[in-house]
Amino acid sequence: MDIEGVIHDNPIKRDSWKTLLTLAYQSLGVVYGDLSTSPLYVYKSAFAEDIQHSETNEEIYGVLSFVFWTLTLIPLVKYVFIVLRADDNGEGGTFALYSLLCRHARVGSIPNCQLADEELSEYTKDWSASNDKSVAVSRLKSTLEKYRVLQRILLVLALIGTCMVIGDGVLTPAISVYSAVSGLELSMSREHHQYVELPVACAILVFLFALQHYGTHKVGFLFAPIVITWLLCISAIGVYNIVHWNPHVYQALSPYYMYKFLKKTQKKGWMSLGGMLLCITGSEAMFADLGHFSQLSIKIAFTFVVYPSLILAYMGQAAYLSKHHIIESDYRIGFYVSVPAAIRWPVLAIAILAAVVGSQAIITGTFSIIKQCSALGCFPRVKIIHTSSKIHGQIYIPEINWILMLLCLAVTIGFRNTKHMGNAAGLAVITVMLVTTCLMSLVIVLCWHKNITLAICFIFFFGSVEALYFSASLIKFLEGAWVPVALSFIFLIVMYIWHYGTLKKYEFDVQNKVSINWLLGLGPSLGIARVRGIGLIHTELVSGIPAIFSHFVTNLPAFHQVLVFLCIKSVPVPHVRADERFLVGRVGPKEYRLYRCIARYGYHDVHKDDVEFEKDLVCSIAEFIRSEKPECNIRMEDSGDDERMTVVGTSSSNLEGIKMSEDGEFSDTVGTSELREMKSLEKLRKRVRFLVPESPPIHMETQEELQELMEAREAGMAFILGHSYVRAKSGSSWMKRIAINYGYDFLRRNSRGPTYAMSIPRASTLEVGMVYYV
């Protein structure tokens, strides 16, 4: 199935209330699994700082007040009403905000951007096309574009948020599953539960990560019912506890109880804010998973289902605890103490299932953000498996999955309590939210063209609330909060070194590319014998002739009759329409038969396999030849390489263009397995035919060029890939030498090749080695 060919519009259409409610129902299982399980550990983490639960109930009422207003201000006001509007053509998350800023202020980290990329359908939005820009907006934009140090700070800020999301992918499954399993302490004897709790939690985590390769879509239909059952369960228990124990607990929702709490508990109360912060874990998923749903469906699900259920659950726990001041210290103040004894076992089972669903969501989100980083050149290339042919966002990354599992098990076994896990998870969560607040304030000014005062108010109000929680989490550095810092530091170093090395390698390619005059001096035959077939030269350059070409022709006496300089690049948009996929141009005069083809992909696009891609590539070149005007055959040295690029779609999107038919010489159904194996080793000659539209009529010269391209395709393709050895220049600083010679070299040798090169037949591949001194 051509997945990427159909993902060019926003997949969510507001066509009916039935569709909207269906999306809202589905979002409960995908988006809110993590957020809905937070009542398992919030009160226990908040009272882990030796706060006395006195008979005045000021402590428990204060915690409830903090939880209520935190849930109201951050998820409801900030995300539902403001941040969700900052989508990138339907996509959300930290990199979506960074992508918006890259396009509107030209601060992107992708080196091979072109002016032609700005003409893509998804590059701009209606609300961003306004010319009503104030002097302050223009000044801010020019300042960001002028100073490289500000661009690097912006990149590092986005990478820090990304790294913390990855850290959350380690910590959330650990604390969710361990907190759910901790209910065993009230359901079995104290002597037994300490030997059962940890093995059961580890077994569930291993099972969870082992299931990832099957894909979310195969078990996804169970997710929404599990989360709905869990929300109904905790809200019903909450209502029961409110009615049965303390009907007046609603009074604690007043902000006055926050003041009383901090006044009485002072430093310990401030430190306990890190535990209360856990009530909003998973809020970022509302924005990060926006691409799978719609703004309105996510808003409906949170406002009318998740938010009231959580408030009732927290009020119910507070009502129970307000009448039970003497609780054995071994049990702490957890969720299960407020559950009636008769239903603890069923609630325990539902809690474990809900914890698995919440963990699944954050793991999938981690895969998605790593794919975005890799596409934008900020993470080493990894193997990405698309687990669904219908839902493009469901992916699986084997290496990352097993790394997350090992780290998650290490955190669970190393800490063995929710206090330290909560400290670690809280710091990761609040850091991501602070990064979102900072980037969002720039989006308000640069993308929405609002008054800069509005952006200052946004960052001051929400930034102050989040900074308070951040300080309370950071002070627990030695009590578990060092884990996300350490993990983020490691991932940040890896990502920045990879980005730095990739950027320097591209700069070397640009500085050492061959001039068009050198090519013209070789003559129509390029000074060598031309053999049948298509030579595909993979390069990162979008203009000019790569040095690998001159290195090749000076060492080998022959080359193919048709040469294509292929550049597969990512652009800072989530998706590129199929009819805008290729940019095709000519290198040198027509008789050279040299073409440049740039395949553009968004950071959420699915890359086709080699067979489909080759067919689209040849068809795009044929369509460029057919549609090229005769007057375009002028001297190329008088014009830039980028001026004559033509936008050509894929064969599936160009319904009125050239079609290609390929028939194999052998049938797939004939012969034994041994014969088929022998034939697979042979060079199968394909019969290739172009189906050319009858109108408009084409010139004889164009027919000859198409005939030559058809014959070259029949002869087969050869792939020329550069095998680079990157080294720092002599005289470079010791930091640069370590980063390039050891860090980048290690990452390059242990990462995957280019996406297209992964599926290329090795017998058709030729690698040309070059040393890059950057």
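Quick reminder: no glycine exception, Cβ is built from N, Cα and C everywhere.
Record features (TrEMBL):
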DOMAIN    23-519  domain 'K+ potassium transporter integral membrane'
TRANSMEM  60-81  transmembrane segment
TRANSMEM  153-175  transmembrane segment
TRANSMEM  195-214  transmembrane segment
TRANSMEM  221-243  transmembrane segment
TRANSMEM  269-288  transmembrane segment
TRANSMEM  300-322  transmembrane segment
TRANSMEM  342-363  transmembrane segment
TRANSMEM  395-415  transmembrane segment
TRANSMEM  427-448  transmembrane segment
TRANSMEM  455-475  transmembrane segment
TRANSMEM  481-498  transmembrane segment
DOMAIN    533-772  domain 'K+ potassium transporter C-terminal'
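In terms of C-beta pairs under 8 Å, the stretch of 153-175, 195-214, 342-363, 455-475 lying closest in packing to the transmembrane segment (221-243) is 342-363.
Looking only at the domain 'K+ potassium transporter C-terminal' (533-772), the predicted model's pLDDT averages out at 73. Beyond the transmembrane segment (153-175), the same-chain residues lying 6 or more positions past its ends with a Cβ under 8 Å from any Cβ of the stretch are 34, 41, 94-95, 97-98, 101, 107, 109, 144, 205, 208, 278, 281-282, 284, 288, 355, 358-359, 362-363, 365-366, 369-370, 373, 378, 404, 407-408, 411-412, 415, 418, 421-422, 424-425, 428-429, 431-432, 435-436, 438-439, 442, 483-484, 487-489, 491-492, 495-496, 499.
Same-chain residues lying 6 or more positions outside the transmembrane segment (300-322) and placing a CB less than 8 Å from one of its CB atoms are 20-21, 24-25, 27-28, 31-32, 35-36, 38-39, 42-43, 53, 57, 60-61, 63-64, 67-68, 71, 75-76, 80, 228, 231-232, 234-235, 237-242, 244-247, 249-250, 252-253, 279, 286, 333, 335, 337-338.
Listed as Cβ neighbours of the transmembrane segment (342-363) (distance under 8 Å, sequence separation of 6 or more from its ends, same chain) are residues 29-31, 33-37, 40, 168-169, 172-173, 176-177, 179-181, 183-184, 186-187, 204-205, 208-209, 212, 216, 223, 226-227, 229-230, 233, 237, 282, 285, 289, 335-336, 401, 404. Put simply, of 269-288, 395-415, 427-448, 455-475, the stretch with the most CB pairs closer than 8 A to the transmembrane segment (195-214) is 395-415.
Same-chain neighbours of the transmembrane segment (455-475): 70, 73-74, 78, 82, 270-274, 276-277, 423, 426-427, 430-431, 433-434, 437-438, 440-442, 444-445, 481, counting only residues six or more beyond its ends whose CB sits under 8 Å from a CB of the stretch.
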